[in-house]
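These notes concern the structure reproduced below.
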């Protein structure tokens, strides 16, 4: 199916089903219940799940296949966002031209940075990409202020020309982003008993693009080009000794990865037409590294899992405060309740980074292959246990 083998087709179908039914899957608890705050099925968060999934998928093409660790991918994310917002300001509010431009601009930017950075490898490559990203971040606040609008960020205004659209709606407000008239903020709500599910147009556009990006990554992984990139990761020096120039392959991987980042940036701006330099900061580059390693670098589904895991922690666990903890442990005696809340307090709310850091350390130590390796171990354990049970219950035939 679509040029994929049975295993990859099954994986793509599973991801498509999970993405399609995400509003149901991510809202397991009834609205108004004590556990409802752990629901993640609201449009803004679901959009971030798939957008950062695209970002991580693209980063994995570079890091997972070639082993080149870039700390500058946030520069391409920011470039894509700025490009999309400028398209909304100058041309119109249709998201397609904005997304296309964001991919093109990010690809050209990646070509420039990759051409210079890939002259070195290892830690030197990582430092070079980090330097370029920080240069871009600082330029956005200084020399490039006419383009980026500095600390305020690039925003839409009523004075924008929008030559193929309208500068203002009939009520005098700024028009919203749309896909040929379908507004990205359009949301349909479905109430089923105590549950409430939201289906957002913007989310499903991002989800379809993520599925296309995921399919493309599978094709890259299984192609001769992908095999060449794995060979670079395995032993680039040996390949150079054979007379094969590996630089065009690594540069192509770098550019493709940058275009994925630009696509993610364009989608972010399409959902919320605002671009700020903070998207180019080194912390954003470090975040996608964490997503990829946590999910499983070099695997197909791992980066998507890692992106969802981190964004869930960021948006759900960061909202837990002392009042919520007191409501959970109200059944305990007062002194014990206060002690438990005091012990947990550093790990929730603004301290969610500490919890994530501890989990990341545990995964790296005990599951070097990330969440994917954890799933494989559980599957192997269950398969082994099932095999033992079948052998124990089977009858032994006497030798003839």
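The backbone N, Cα and C atoms fix where each Cβ goes, and this holds for glycine too.
According to TrEMBL:
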type	residues	note
TRANSMEM	12-29	transmembrane segment
TRANSMEM	49-71	transmembrane segment
TRANSMEM	91-116	transmembrane segment
TRANSMEM	123-144	transmembrane segment
TRANSMEM	201-221	transmembrane segment
TRANSMEM	248-268	transmembrane segment
TRANSMEM	288-313	transmembrane segment
TRANSMEM	354-372	transmembrane segment
Among the ranges 12-29, 49-71, 123-144, 288-313, 354-372, the one whose Cβ pairs under 8 Å to the transmembrane segment (248-268) are most numerous: 49-71
Same-chain residues near the transmembrane segment (12-29), Cβ under 8 Å, at least 6 residues beyond its ends: 1-2, 4, 35-36, 38-41, 45-46, 49-50, 195-199, 203, 207, 210-211, 214-215, 218, 301, 304
Any contact, the transmembrane segment (49-71) to the transmembrane segment (354-372), with at least 3 Cβ pairs under 8 A: no
